[in-house]
Amino acid sequence: MGDPGSEIIESVPPAGPEASESTTDENEDDIQFVSEGPLRPVLEYIDLVSSDDEEPSTSYTDENIKRKDHIDYQKDKVALTLARLARHVEVEKQQKEEKNRAFREKIDFQHAHGLQELEFIRGHSDTEAARLCVDQWLKMPGLKTGTINCGTKSSFRRGGHTWVSGKPILCPIMHCNKEFDNGHLLLGHLKRFDHSPCDPTITLHGPFFSSFACVVCYKKFVTQQQYRDHLFDKEATDDGHNNNLLPQIIQCFACPNCFLLFSRKEECSKHMSGKNHFHQSFKLGDNKGIAHPISFPSFAKKLLISLCKDVPFQVKCVACHKTLRSHMELTAHFRVHCRNAGPVAVAEKSITQVAEKFILRGYCPDCNQVFVDETSTQNHKQNSGHKVRVINSVEESVLLYCHSSEGNKDPSSDLHLLLDQSKFSSLKRTMSIKESSSLECIAIPKKKMNLKDKSHEGVACVQKEKSVVKTWFCECNQRFPSEDAVEKHVFSANTMGYKCVVCGKVCDDSGVIRLHMSRIHGGAHLNNFLFWCRTCKKELTRKDTIMAHVTEFHNGHRYFYEMDEVEGETLPSSSTTLDNLTANKPSSAITVIDHSPANSSPRGKWQCRICEDMFDSQEYVKQHCMSLASHKFHRYSCAHCRKPFHKIETLYRHCQDEHDNEIKIKYFCGLCDLIFNVEEAFLSHYEEHHSIDYVFVSEKTETSIKTEDDFPVIETSNQLTCGCRESYICKVNRKEDYSRCLQIMLDKGKLWFRCSLCSATAQNLTDMNTHIHQVHKEKSDEEEQQYVIKCGTCTKAFHDPESAQQHFHRKHCFLQKPSVAHFGSEKSNLYKFTASASHTERKLKQAINYSKSLDMEKGVENDLSYQNIEEEIVELPDLDYLRTMTHIVFVDFDNWSNFFGHLPGHLNQGTFIWGFQGGNTNWKPPLNCKIYNYLNRIGCFFLHPRCSKRKDAADFAICMHAGRLDEQLPKQIPFTILSGDQGFLELENQFKKTQRPAHILNPHHLEGDMMCALLNSISDTTKECDSDDNMGAKNTSIGEEFISTEDVELEEAIRRSLEEM
């Protein structure tokens, strides 16, 4: 082998101008070593340089020869990367310019479209323009076809888009017939509970296209100019056309059979062909042809809609015919009672019956009068000699009715007064007025004069003057400046009020009860309240029945009447009376007062209408009502959660504990449920409305046929939530309240009758006796009772209604104003499952309970407090009832006392809450908590009797009852335990061995929203969790993978639940 140095030198490519280009394109892989020699130091042949700026060279080559090393290659890579980045930036710039250009084009298109729409709707009214804009907005497509964009607030809607069906959704209430584009609109409609079948606007969609109709020849014109040209052409003819003739604006069309309104004539024709409504409901004249859509003027449309809104309706169950007054009550009824039935809406009148108001028989053009029958038409023709036009079609009748009502200058024909005719007060009486031609005097009833001398039977007269004012008088001779004031006086004097059907709140003013319905119940059918008589404790469904009730049961303020008086004059004095009236009659006038009696000053006392305390003088009652300290009610409200408080210190502590020391105060009026931002507004409200809320109660001096026993005794004890009182002074009042309360409990399903021989139930004793006589005639024994009365909340059975009612009062009723002593500690009780016992054991146990209840009644007199009972056998919830649930939740109130306060919304239907308490904890039911009240009312909440005073007593009770329920309930029902103790994790493992889906939630690590979402998601994914548990039981070797899979599915279920919220 030769010298390796020469071989290495030969392997280096020659340097020179020809080789520079080829050297630049070469890679490191092109260098080849042709031979290997003995290892020698490379430093002998290569000069090493310490600086990166100098080029390395060999000892035997020219200075012009250069080779590329690692640094050159890195520089080439950097140059290529920079070039690639520059091209990428250029492409992004071009794309951004294209996007900006497309956005500018879109903005220009929307601007042009808006100008076009403005030009199109310029000839329409403001209402039509707004309706048209809303209609166009609803038709605009979203970001995707058939989807709704979630928007920026995607924390609860991370699933992307919500699918919307193109087909309208029909309201599930029969005869409601309202359709909605999506489920959100349907849900709002169901909560408002506006299912009136008498609604002509359910088919009134889209914008109105107005036309103008002539009431003489019934021709229609598209524009007003065409109508004016028509009047100008017909002015010469003597047929009623003149330049001052106003047109009727046609905005919609009505079906001649059902009188539903449509925006377009084509839609009405399509409806008539689909429903076969080609025959008319009202036949006028000899017109027997095919019916056509009726042109409906704007005046008739507004009047028909207003009259239909005043038609009362009810939603009933088709099976039991029970009246359902709210969406919550409807849902609970069909989930608990009539599962296979449905609701139906029934109205007192149909749309056709309301539209009969527009049907006329004749019209007089000379005096602009309409006639509803042929008799009045003929009488007018004979008396006046006018030519009366006979109406031959429904369309002519509607047009002439609107023309006569709008053209008549009489105020009584105005639309508002036409609507007020249906709202005429039933307490008003019409007094006859006789005029004397000689003196032009007005007869005044003698009771109005308030004369002391009753020996004169003549009629007093006052000289008529030009200026006459209307005055309203009550039967008690008080004078009022307006009809509203006297009607309010009659209502207050007869203790009439307004009662909310949903929550039972009673108000004295109709405006306050409507505001209460709107704010508290979300506007759920604003008329969902009744008239309530405090004296008789009677509900009146309609205002028309008030007159009959007041006349029959009340006295002194049964009606009011209207009289015309000379302005500036008082009642008849000695100078204005007739000769048969002596000068000793009073000359003073009856002043207009609301809170004081007449000038005769009868004996009596002043009563505060808030607390019903009596006072001897008006000054005392005024000072009492003016003082805020006289009445105890909520005055402050938390601006975060709207929870009311009595004291501001309590509100401060609440904000520090619940809202991270962020104090926001609002002022709350607990008397009428109004909220104010500043204290001055609250004080002004109290001074204007509640500081004068007192009335004078006169003492009856005349002889009465009633005895002392007939006068009611005022009970002063605390009132329960069912309407009864905690204790009674008078046995008559106790008997009346108990009988009324028992009937209400049976009607509302809080108590019911159940057959002992089968599972049949009934709401009254008559139906149960009929069932036993017809079905169990052979088995029935006359000496033995064949039925029991069951509690609707805990399903405990009793042998008589009185024992069941006492049980309900003792266990499921609370004080309306609870005291601390009411929720005192109880002694330990005995618990026993009785749902799965045999029929004989149940009878034996019921007999024992019945005998015990009789012994209790003998020891307690006129009191519902049974705190002295040393031992009581408490029945746990019925297992048959628990099998219908979809989720059982065990709550440890020792660790989570404010469980219901943390819930942001309602839990899913089928969730049963079982609460436990022990140790030194004394859990109290939350006040004014809608979620707790709803669960307690439908029987989905059970408060376990107090455990022992041990710290972990509630934990042991939860483990014991959860284990018992695990043996007897279906495995697909999940169990959830809400407690902060780590020992329950072992219970979860034990449940997995029995294939029971169970979850242990720590209240200290969860917020209210997350906790509510977890509970709802567990209820929704019952089957999925059950299948996962079955797989885990079969494959015990992959337990860790199962846990991770279950957590992922649980998070997915939580996400879906949050999307639904």
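Our numbering is plain: 1 for the first residue shown, then up by one each step along the chain.
From the backbone N, Cα and C atoms, a Cβ is placed for every residue, glycine too.
Scan Swiss-Prot for SUMO2 cross-link across Lys265, Lys622, Lys647, Lys811 and the hit is Lys647. The range from 45-68, 405-428, 789-812, 1029-1052 that Swiss-Prot describes as zinc finger is residues 789-812. From the options 441-464, 753-776, 945-968, the stretch Swiss-Prot describes as zinc finger is 753-776.
Within the set 210-233, 498-521, the record from Swiss-Prot flags 498-521 under the feature zinc finger. Among the residue ranges 115-141, 169-195, the one that Swiss-Prot annotates as zinc finger is 169-195. The two recorded residues Lys283 (SUMO2 cross-link) and Lys301 (SUMO2 cross-link) have their Cα atoms spaced 21 Å from each other. DSSP assigns Lys632 (SUMO2 cross-link) to coil in the three-state reduction, outside any helix or strand.
The recorded sites Lys632, Lys748, Lys992 differ in how many other CB atoms lie within 10 Å of their CB, and the one with the most is Lys992.
Counting other Cβ atoms within 10 Å of each Cβ, the recorded sites Lys283, Lys301, Lys731 show the lowest value at Lys731. Tertiary neighbourhood of the zinc finger (606-631): same-chain residues 492, 508, 595-596, 671, 686-687, 690-697, 714, selected by CB-CB distance under 8 Å and a gap of 6+ residues from either end. Within its own chain, the zinc finger (667-690) has Cβ neighbours under 8 Å at 505, 507, 512, 515-516, 519-520, 610, 625-626, 628, 631, 633-637, 642, 644, counting only residues six or more beyond its boundaries. Helix, strand and coil counts under DSSP for the zinc finger (315-337) come to 10 helix, 5 strand, 8 coil. Reported as a whole number, the C-alpha separation between Lys748 (SUMO2 cross-link) and Lys731 (SUMO2 cross-link) equals 26 Å. Considering only the recorded sites Lys301, Lys632, Lys731, Lys992 (SUMO2 cross-link) has Lys632 as its nearest partner by CA-CA distance.
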